[in-house]
Amino acid sequence: MLRNPSIAIGGGIVVLMVLLALFAPYLQTIDPLSMNPLNRMKDPSSAFWFGTDAYGRDLYSRVLYGGRTSLTVGFAVAVLSTGVGLLIGLIAGYYRSLDGVVMRIMDGLMAIPAVLLAIALSALLGGSVLNVVIAIAVAESPRVVRLIRGIVLSLRERQYVEAALISGVSRSRIIVRHILPSTFAPLAVQATYVFASAMVLEAILSFIGAGIPPTTPSWGNIIAEGRQLWQIKFFIILYPALFLSLTVFAINIFGDGLRDRLDQRGDRHL
Amino acid sequence: MVQSIANRLISTVPILFVVSVLIFSLLYLTPGDPAQMIAGAQATQDDVERIREALGLNDPALMRYFDWLWDVLHFDFGRSVFNGRSVTELIMQRMEPTFSLMALTTLFAIVIAVPLGVLAAWRANSVVDRIVLVLSIASFSIPVFVTGYVLAYYVAFKTGLLPVQGYAFLKEGVGEWLAHLVLPSVSLGLIYVALISRITRASMLEVLSEDYIRTARAKGLLGRRILFVHALRNAANPIVTVVGVGVALLLGGAVVIESVFNIPGIGRLTVDAILRRDYPIIQGVMLLFAMIYIVVNLIIDLLYTVFDPRIRY
């Protein structure tokens, strides 16, 4: 841990953000959803730590609760994309007959810019936390598939896999017992990158107007709501953006630290 | 070589086919009925039915796909559901801002990122290297529209040095055009800089450990000459590759940044279309962007075969 400060620093910030999100009900000062026309667009003060937004809602409490949504989306996408990507990648890598078709579909998905694909899917499915998670996961999964498939392709040529095959071990058992464990380390590194990237994408979807509806605050949609006032009350964009960027930064350096520690080659945003 | 180029060309056909199927099937994702939307809330059942028939919505899905594909192959992406204008025409009108933005961003990114990456590799593990690394992770971590607003607020709005938003067409003068594009290009370019500089660093590190670099150094060549002539040329392939792959980031980012800076480009057209569920425009732009991505990467791959005879497809 001491040899690798990025794991400690990145992990520390992430844990802090998760704690803030978990204990949001105890840390909030004012109900994040309650509107008060008298308190519209107040600058930060002792009553409103981060100021208030266009509807007089307390920005500090909204940012706390926003962390819940944003971290949940990031985590859910990371789990979903790595799960689906692992399954498809194992199949494509091991069953050569399916490989061509599966990888062409992945190439096709990756040819459409991830941002555009996620925006289109989310807008067409309709904005809800679940649909946003699905839309981002579809855009993120092909990279995981490609990573896992590459690993499987190199592993299946190894002698211990051949030896297992010759001794009559079934294909599914080879995949589960001999190939799957080797994918865990690179998958963990990739999961952190997907986590980080998903949080950024969530913000972009909200910004475009194709994200989570404002009744559920997320860092993304708080920033998006600050848009109309950006020239007069810039802090409405600034505070949630600082939280979001700091968290994503922390997850990214945690991922880099993990990669160096596990000696893995990660496949960041490509 | 001709054989190799032909193979590479043919390999794009299945990808284009998959892309077209994916984009076409998007239409089936949504619960709403496009005919009902065109007809409006007051339309009778008969009206809606007539529109369905006219649009061919009653045909089987497979037949509709091939009809659509046939039109697309003739550069006919259909008409906007809202104003009935040809999608091809709408896209053409908005080409200039988007392509200006992308060209300037690419230029900015390469000019900044390559020297930065070379420097980081030359002084690997030094303070400079660490700073470049942290900055590049930071630019991956800040959403492109936040960078856009921060620059628009602190650089343009607060100081008045640059136009805050909007776009000036080239015919209004190069100065104006450039002034309006500086901040959007920088905001969009940061993530691209991060990507390219990291690959440049990694690729240069590999090359710098080669024997011929040691030989060059032993010959007494100057450090700068070794770096930029001997090493960079041999490190170029991964860099060029990542520039090509990064085009997807640029295209996606353009959609976002055009909204921040009110640039009337293809990105704005797309966002407006998505919010109004104007399918023909959404499909047209997605297809166009995917095609740009595929063609750019095709050209890059073909350039490899021309410049490096060892590479074959």
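Placement of Cβ uses the backbone N, Cα and C atoms for every residue, glycine included.
The domain 'ABC transmembrane type-1' annotation in TrEMBL covers B:95-304.
Within the same chain, residues 61, 65, 68-69, 72, 279, 282-283, 286-287, 290-291, 294, 298, 313 sit at least 6 positions outside the transmembrane segment (B:9-29) and bring their C-beta atoms closer than 8 Å to a C-beta of that stretch. According to TrEMBL, the transmembrane segment annotation covers B:9-29 (among others).
Counting residues 6+ beyond its ends, the transmembrane segment (B:99-119) has Cβ neighbours under 8 Å at 128, 132, 170, 177-178, 181, 184-186, 188-189, 192-201, 203-204, 227-228, 231-232, 239, 243, 246, 250-251, 254, 257-258, 263, 265 in the same chain. What TrEMBL records for B:99-119 (among others) is transmembrane segment.
Under 8 Å from some Cβ of the transmembrane segment (B:131-157) lie the Cβ atoms of residues 116-117, 119-120, 163-165, 183-184, 186-188, 190-191, 193-195, 197-198, 201, 253, 256-257, 259-261, all in the same chain and six or more residues away from its ends. Annotation comment: TrEMBL describes B:131-157 (among others) as transmembrane segment.
Residues or ranges marked as transmembrane segment by TrEMBL: B:177-195 (among others). Cβ atoms under 8 Å from those of the transmembrane segment (B:177-195) belong to residues 100-101, 104-106, 108-109, 112-113, 116, 135-137, 139-140, 142, 144-145, 147-148, 151-152, 155-156, 162-163, 166-170, 242, 246, 249-250, 253-254, 257-258, 260-261, 263 of the same chain, restricted to positions at least 6 beyond its ends.
Taken from TrEMBL, the feature transmembrane segment covers B:239-261 (among others). Within its own chain, the transmembrane segment (B:239-261) has Cβ neighbours under 8 Å at 97-98, 101-102, 105-106, 109-110, 114, 117, 143-145, 148-149, 152, 165-167, 180, 183-184, 187-188, 191-192, 195-196, 199-200, 203, 267-268, 270-271, 289, 292-293, 296-297, 300, 303-304, counting only residues six or more beyond its boundaries.
For B:281-307 (among others), the entry in TrEMBL reads transmembrane segment.
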